[in-house]
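Following: one structure in structure tokens, then a few remarks.
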Amino acid sequence: MKTIVVCSGGLDSVSLAHMVAAQGGLTRLISFDYGQRHRKELDYAALAARRLGVPHHVIDMRGVGAVLTGSALTGGAEVPDGHYAEETMRITVVPNRNAIMLTVAFGMAAAMGDQAVATAVHGGDHFIYPDCRPAFTQAFQQMQDAALDGYAQARLLTPFVHRTKADIVTEGARHDTPFAETWSCYKGGALHCGRCGTCVERREAFHLAGIPDPTAYEDADFWRQAIAERERA
């Protein structure tokens, strides 16, 4: 199935790109510049596209991102430290982000004759991000069926929506994903900070999967404290 992968450059989406490529269906990667403070992730998406030998389309959505205020990812608020499941991480929500990006990706699929759009939303995202939940992805498919009725048919592929990030690490390793060439940290510094929710989740996922983590962190041990505090709460 000819498939576009929505690729941020993060561990999840790059692993998904490698999986789809191994299945023989990858046609292109699509990424979005929405003014995110961790824009360096797009460089890792470009690396993945070159490695996999497919076109990489970067959609400039900085004007859209500028009006999606209130998120630490696009505004001046600090990205909080701690586990993803913490209530404080809600400040990293960018309203309607996945709905907007997937709509553009489906339009591209219809225009270019691709049959599917794959996105790496996973079970660990459900607590914080409503547009990563099964209810959203199912409703989005129904909306696109209506939007493209009589013009094109495209499927939304969400192979990780009921799986954990540790499962994604396992799947990525199976398909030789170079994890060191992915970017997760929301703070966008020279190294992964090791303290924000996505760094903690990344470090924990490698631990649970039993696979060595090649990532260099500014604080490589904070994740244990964050998990312990979550468990005590």
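Residue positions begin at 1 at the first shown residue.
Note: Cβ is positioned from N, Cα and C throughout, glycine not excepted.
Database features (Swiss-Prot):
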| type | residues | note |
| --- | --- | --- |
| BINDING | Cys7, Ser8, Gly9, Gly10, Leu11, Asp12, Ser13, Val14, Ser15, Leu16, Ala17 | ATP binding site |
| BINDING | Cys185, Cys193, Cys196, Cys199 | Zn(2+) binding site |
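A map of Swiss-Prot features onto the structure.
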| residue | record | Cβ neighbours (10 Å) |
| --- | --- | --- |
| Cys7 | ATP binding site | 31 |
| Gly9 | ATP binding site | 25 |
| Leu11 | ATP binding site | 26 |
| Ser13 | ATP binding site | 26 |
| Ser15 | ATP binding site | 26 |
| Ala17 | ATP binding site | 29 |
| Cys185 | Zn(2+) binding site | 26 |
| Cys193 | Zn(2+) binding site | 21 |
| Cys196 | Zn(2+) binding site | 28 |
| Cys199 | Zn(2+) binding site | 28 |
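Cys185 (Zn(2+) binding site) sits 10 Å from Leu11 (ATP binding site), taking the CA atoms of both as reference points. Note: the CA-CA distance between Cys193 (Zn(2+) binding site) and Ser13 (ATP binding site) rounds to 20 Å.
For the recorded Zn(2+) site, residues Cys185, Cys193, Cys196, Cys199 set the reference point as the centre of their Cβ atoms, and the other residues of that chain within 8 Å of it by Cβ are Val79, Ser184, Tyr186, Lys187, Gly189, His192, Gly194, Arg195, Gly197, Thr198, Val200, Tyr217, Glu218. Cα spacing between Leu11 (ATP binding site) and Cys199 (Zn(2+) binding site): 11 Å, rounded to the nearest whole number. Between the CA atoms of Gly9 (ATP binding site) and Cys196 (Zn(2+) binding site) there is a gap of 17 Å, rounded to the nearest whole number.
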